[in-house]
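According to TrEMBL, the region 'Disordered' annotation covers 1-49. For 7-17, the entry in TrEMBL reads compositional bias 'Basic and acidic residues'. Annotation source TrEMBL lists compositional bias 'Pro residues' at 35-45. Taken from TrEMBL, the feature transmembrane segment applies to 54-74, 168-189, 195-214, 244-267, 279-297, 309-331, 365-381. Positions annotated as domain 'Sugar phosphate transporter' by TrEMBL: 159-381.
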Amino acid sequence: MSSLLEKSLDNRSDDAQHLQVSPEEEFDNGKESPLPSPVSAPAPKPKSKSQSTAFIIPIWICLSSAVIIYNNYLYNTLNFKFPVFLVTWHLTFAVSPLHHEFYRLPGSIAGIECLDDTLCNSRSFCPMRYTYVLNRPRYRHAYTAAHNPSRRRAQNVHMTKEMFMRSILPIGILFSGSLILSNTAYLYLSVAYIQMLKAFTPVAILLISWAFRIQEPNRKLAIIVCMISGGVALASRGELRFNLIGFLTQAAAVAFEASRLVMIQILLHGLKMDPLVSLHYYAPVCAFINLLVLPFTEGLAPFYEVLRVGPLVLIFNALVAFLLNIAAVFLVSAGSGLVLTLAGVFKDILLITGSVLIFGSLITPLQVLGYSIALGGLVLYKTSGSK
């Protein structure tokens with residue numbers, strides 16, 4: 001499963017947020033700091049943004065690549081061909097640490113403000129009240145500082161029941177479909193070829209935006225569409241192990257993901273949600289939808305196969321995916337839009353190389369040429385501000 005937060009990096013890269021936390025805020029509840037006072041000891045110099053970026057990008061690249069390679073290993077080496085179950089397992093694992101202190105942390109601390117009393121005052125599940133990961137001194141003070149206008153970086157999310165049903169739920173349905181389809185594609189296609197097909201996502205976004213008149217076409221965007229489309233077409237023409245079912249599955253995944261991003265632009269226009277808050281909203285919705293889909297697609301078969309594969313293998317797999325979510329939060333905070341785009345391109349190149357070395361995927365010169373053209377269009381799309 002591609003990380004939930006990782007999927008949001010493309011459309012969040014230009015809105016990277018950074019919340020500064022002073023050293024004294026590391027200790028709360030009136031506890032004395034074990035460090036010397038500022039009079040006797042000079043304050044340590046904060047790390048520069050470039051240092052933070054240089055530190056977190058390699059971690060994010062390693063974790064992101066590890067999740068994809070690990071999943072492919074489960075599907076095709078261990079013969080655990082249950083993508084819906086695996087995606088559901090990842091989402092459930094992500095939801096648990098986010099919500100297991102559900103009734104302890106006020107949502108306003110997390111920058112979340114729920115305006116629907118019937119939804120939040122009841123004892124039923126409310127996916128917009130509490131976030132466990134933020135119940136830490138650093139994040140708690142950081143988000144509390146968001147209420148100070150002089151330090152504000154992101155808007156509070158004024159969530160109502162109507163907004164949840166009309167915005168979060170349909171976006172969550174599209175997100176769930178994207179995750180299921182993109183993981184199912186690994187049963188039919190190589191890791192390398194899937195990464196090449198993913199480069200078509202910006203084109204799908206532009207086509208949907210033009211269809212709904214959200215964005216007006218122009219010459220630069222037309223050139224970008226032609227570059228990416230032509231590059232992906234060349235890469236597909238050179239694929240030696242082409243599978244029509246896998247191609248259509250990945251194409252549907254791209255369509256779901258592009259529709260999700262466009263719907264976010266339409267339904268949540270002007271509402272900037274922190275990536276961790278986005279995970280807080282969408283993960284429970286996606287997990288619930290996947291649980292409904294699971295009996296009709298894979299039934300009880302994956303549960304019987306868990307013992308054969310090994311519970312520890314699946315637990316470690318979900319842990320790596322969850323660590324990727326956390327790394328993505330810091331990546332969005334540390335990097336600019338161009339840096340995140342280049343990091344993503346470098347990660348895809350490493351994934352394709354790793355697919356060749358680890359799984360023996362075959363890459364032809366025509367695919368290299370086509371993917372290079374598509375990447376050029378992708379970088380142009382990102383650096384031009386998508387305009």
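Heads up, residue numbers simply count up from 1 along the chain you see.
Note that Cβ sites are derived from N, Cα and C of the backbone, with glycine treated the same way.
Remember, predicted model here, so these are calculated numbers, not experimental data.
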Going through 54-74, 168-189, 244-267 one by one, which has the most CB pairs that fall under 8 Å from the transmembrane segment (195-214)?
244-267
Tell me, please, if the transmembrane segment (168-189) and the transmembrane segment (279-297) are in contact, taking contact as 3+ Cβ pairs under 8 Å between residues separated by 6 or more positions?
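Touching, yes - the transmembrane segment (168-189) and the transmembrane segment (279-297) meet the threshold of 3 or more Cβ pairs under 8 Å.
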Using a Cβ cut-off under 8 Å, which residues of the same chain at least 6 positions beyond either end of the transmembrane segment (365-381) come close to it?
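Same-chain residues near the transmembrane segment (365-381) but 6 or more away: 192-193, 196, 199-200, 202, 223-228, 230-239, 341-342, 345, 348, 352.
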Given the model, what does the mean pLDDT over the domain 'Sugar phosphate transporter' (159-381) come out as?
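PLDDT averaged over the stretch: 85.
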